[in-house]
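Heads up: the structure comes next, in structure tokens.
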DNA sequence: ATGGTTGGACGCCAA
């Protein structure tokens with residue numbers, strides 16, 4: 001089974017590109033982040049003829065996560081237990097955002113995750129990000145404790161560069177989110193709960209990234225960040241026999257600022 | 001070249 005994750009940065013703008021990606025690589029299950037649409041706006045009609053079922057949660061023009069599968073799509077769950085809420089505006093009650101979607105596809109429990117950005121070190125959004133990751137650690141740890149042999153994949157845009165090699169120049173990030181000790185500790189907490197990065201061993205750095213900012217010619221300058229990850233439970237990780245980052249997808253007109261991350265599982 | 005991308009709610013916020 002071939003599983004991929006991709007922060008697509010608007011599914012409506014890039015539906016054709018996503019369809020071409022699915023066909024080109026024979027992807028069975030694709031987790032998407034930043035679909036940037038409501039459920040009723042998701043272009044399911046592009047993917048149904050190709051044989052993919054779609055699960056999506058999107059409340060507005062922000063966030064939005066989906067799972068496309070041609071090997072079954074069961075037990076769809078929106079959000080995880082304990083997931084924090086957020087409101088950017090004073091006077092507006094915090095509510096759960098469209099940042100987590102779970103489904104069982106071909107026997108694998110897949111979670112499409114869009115971790116909050118954090119914005120700046122002083123922004124309340126960073127505290128939200130840390131609380132969100134802590135709640136995920138607790139929830140995912142519980143799933144694994146209940147079913148130690150379950151193949152579970154936590155995939156998506158984690159908005160964290162766990163290692164110095166995961167950015168092109170650490171000196172640029174001295175006062176930035178994504179590399180702070182608190183964020184890295186929150187990421188490590190999920191790893192310590194039993195979920196391993198299954199891609200890094202097969203796509204080692206330095207200089208291997210999944211995201212390049214649209215500005216400052218970051219992509220042609222090869223100035224990127226590794227912030228999109230496939231974290232697998234022991235049963236999942238033990239079945240991984242291939243992985244790559246599709247850097248070609250970042251090229252050309254109409255590219256997302258993220259590249260897809262692809263993992264192959266043995267049957 | 002007095003800017004520098006892109007996307008979505010079309011005026012600015014978010015990344």
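Note that Cβ sites are derived from N, Cα and C of the backbone, with glycine treated the same way.
What TrEMBL annotates here:
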- A:4-258: domain 'Endonuclease/exonuclease/phosphatase' (DOMAIN)
- A:7, A:34, A:157, A:159, A:257, A:258: Mg(2+) binding site (BINDING)
- A:114: active site (ACT_SITE)
- A:157: active site, proton donor/acceptor (ACT_SITE)
- A:159: site 'Transition state stabilizer' (SITE)
- A:228: site 'Important for catalytic activity' (SITE)
- A:258: site 'Interaction with DNA substrate' (SITE)
- A:258: active site, proton acceptor (ACT_SITE)
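The structure, with features from TrEMBL marked on it.
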residue : record                                  : Cβ neighbours (10 Å)
A:7     : Mg(2+) binding site                     : 24
A:34    : Mg(2+) binding site                     : 25
A:114   : active site                             : 25
A:157   : Mg(2+) binding site                     : 28
A:159   : Mg(2+) binding site                     : 23
A:228   : site 'Important for catalytic activity' : 24
A:257   : Mg(2+) binding site                     : 18
A:258   : Mg(2+) binding site                     : 25
* Asked: Taking DSSP three-state, what's residue A:228 (site 'Important for catalytic activity') in: helix, strand or coil?
  -> strand
* Cα-to-Cα gap, residue A:159 (Mg(2+) binding site) vs residue A:228 (site 'Important for catalytic activity'), nearest whole Å -> 7
* Going by C-alpha distance, which of the binding-site residues A:7, A:34, A:157, A:258 is nearest to residue A:228 (site 'Important for catalytic activity')? -> A:157
* Looking only at the domain 'Endonuclease/exonuclease/phosphatase' (A:4-258), what is the mean pLDDT? -> 97
* Other than A:7, A:34, A:157, A:159, A:257, A:258, which residues of the chain come within 8 Å of the Mg(2+) site, judged by Cβ distance to the Cβ centroid of those residues? -> A:9, A:33, A:114, A:211, A:227, A:228, A:256
